[in-house]
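Everything below concerns the one structure shown next.
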Amino acid sequence: MSAGGALDLLLVAVVVVPALVGAALALVGTTADRVAVPVVLGTAAVVAAASVAAVVGAAEVATGFVAGADLGLDTAGPAAVMTPVVTVVALLVLVAASTSAETATARFSGLMLLFVAAALVTVLATSLPTLLLGWEVMGATSYALIGLRWREDSHVGSGLTAFLTTRTADLGLYVAAGAALAGGSGLDLATLAETSPGWRHVVAAGVLVAALGKAAQLPFSFWLSRAMDGPSPVSALLHSAAMVALGGYLLLRLAPLLAATGWADDAAAWAGAATAVVLGAVAVAQRDLKQLLAASTAAQLGFVVLAAGVGATAGGAAHLVAHASVKAILFLVAGAWLEAVGSKRLASLGGAARRWPVVGACAAAGLLSLAGIPPLALWVSKDAVLAVALEHSPALYAVALLAAGLSAAYAGRALVIVLGSPHEGADAATVVGPEDGAEEGAVGGTGRVPGLLPVALLPLAAGAVGLGVLGLPSVLSRLPGGAEAPAPTSAEIVVSGLLATAVLTGVLVLSRRARGAARPWPSAGAGAGAGAGAGALLGWLHVEAAVHRLLVRPTLRLADRLARVDDDLLDGAVTWVADASLRLADRSARADVTVVDGAVRASVAGIRRLGQWARLPQTGQLHQYYLQAVAVLAAALVVLVIVR
């Protein structure tokens, strides 16, 4: 076999092996719990190594499917950057998941491997059919993972909310596929921009809606809040290198399509910028660490969507990679701390970084990078996007810069708490309230973090610190689409770094003043006197409630009325026809009894009488038979005479 053929098989194995192993583990269930951890970690390690080899060898493979589109996988373009990120982050997340009894099971491990396989298909897809295959399986497995604690109705409901919201947006991909076929471009992703002008707008609109839904951009962001009911390893992978991140990745892949329409690129850019600002403000207001991180994911992916809109493909890819390391760290640390402390509230995590210093150092690296502090990863990668935004539109740049400042605010808010000291009387035993629940299966807190956790965190922390090199001009130019994009100037980088540092310093000063005034800080949205604005931010702008009020309830009412119409009109018509048929059948039965059966009975009676009459001459007396013969002959003679 040639080297190229071996690489093609290796690329197929990258997606098929985790899918098969994952399906087997998920189906076998608890009987495989003892071997689940070594099997899943071994599989993830092999897949990670194979993915790197496939990318280095520029592997690609395709097979016929329908006219105009193959089922294909290709490591070219942004996939060369994102494929190793998915597999390596997944491996580290699974290492962390193996430290918890709840997530060290065959069912969880199998679902995670299926999730990874679907994410890889999404990243490597060369056509809409291939993309939809990965896209749909990814959504279905996310529903199962978010609702992993299926005995709790609220968790199942959260999974359903996430699934239905993203599925509604996913319809855009089917519309895009139909429009692409109608427009004559075929279903290959590389040719979508060549769709005939009228249909091209429909294709771009469908792709944009689907990607915004998966990336939790406005107005779809609320599902990400509900997804926090899932285990923290699920959140770590979901936000960093899988479903949510891949919504932004899809737009980077299809940036030429957006640009070809003349409007979709601007729509994407402003949607991303608006989400980065609005969800940044939402993150600042949160009192729950996982909710803060969830809002920050939508905000940070807003920069990626912005990058796709302004054509900063390389900068968006760099930001996506750096964000993957940062967000994987923070969710894994959040899960460990919440299990140790037993509370979701930020107030109960005071001093957590000091109490567990190795984990705390990794969390600090992630939060400082999230804040955009120089020289960490998200500082440089964000500026690679802002530089192109400035060239595209100064107004867009200003909005994005505001979003960058908010990044420093919400990251600084969490950092101040976990590096500080517990508030007066706010220890783990007293802060746990009804809203805290039992995070990661902990009730009251275990008081410890897993000793194996740093094995997963330290490589991710190194990425949070060092992956900023991807945003440096010399490296950025080598990334797909980087040669044409303008690099950030020294002034822009300095302004961004100073802004983040200033905001973080301001957060620190405010926290000290609040501490000096003997009141907990920060308390955005806390207390009865909180303003409506703070309450709205704390509740994620109440978008979910608005969706229920404006969309879900009217839809259910319409469905109820249509059901009544079906019952009263359609079912009523069927019932009337059935009743009429029964009445007609009854009358027909009566007619059969009275007429047909009566005629038969009358015939039988007549024949019986004739038989009785015919028996009368049969007396058995010979002289009577002679007499009857004479009578018959006489009658015959009479007839003969008359006739003649």
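In case you wondered, yes, glycine gets a Cβ from its N, Cα and C as well.
According to TrEMBL, the domain 'NADH:quinone oxidoreductase/Mrp antiporter transmembrane' annotation covers 125-406. For 6-28, 35-56, 76-96, 108-126, 267-285, 292-314, 358-380, 395-416, 452-473, 493-511, 523-543, 625-643 (among others), the entry in TrEMBL reads transmembrane segment.
Counting Cβ pairs closer than 8 Å to the transmembrane segment (452-473), the top stretch among 35-56, 108-126, 292-314, 358-380, 395-416 is 358-380. Among residues of the same chain six or more beyond the transmembrane segment (625-643), those with a C-beta under 8 A of the stretch's C-beta atoms are 617. Using a Cβ-Cβ cut-off under 8 Å and counting only residues 6 or more beyond its ends in the same chain, the transmembrane segment (493-511) has close neighbours at 371-374, 379-380, 382-383, 386, 401, 404-405, 407-409, 411-413, 415-416, 420, 521-522.
Against the transmembrane segment (267-285), the recorded stretches 6-28, 76-96, 395-416 differ in Cβ pairs under 8 Å, and the greatest number is found for 395-416. Packing against the transmembrane segment (76-96) from elsewhere in the chain are residues 14, 40-41, 44-45, 47-48, 51-52, 54-55, 58, 60, 109, 112, 116, 119-120, 123-124, 233, 236-237, 240-242, 249, 252-253, 313, 317, 320-321, 324-325, 328, 332, 335-336, 450, 452-453, 455-457, 459-460, 479-481: each is 6 or more residues past its ends and has a CB under 8 Å from a CB in it.
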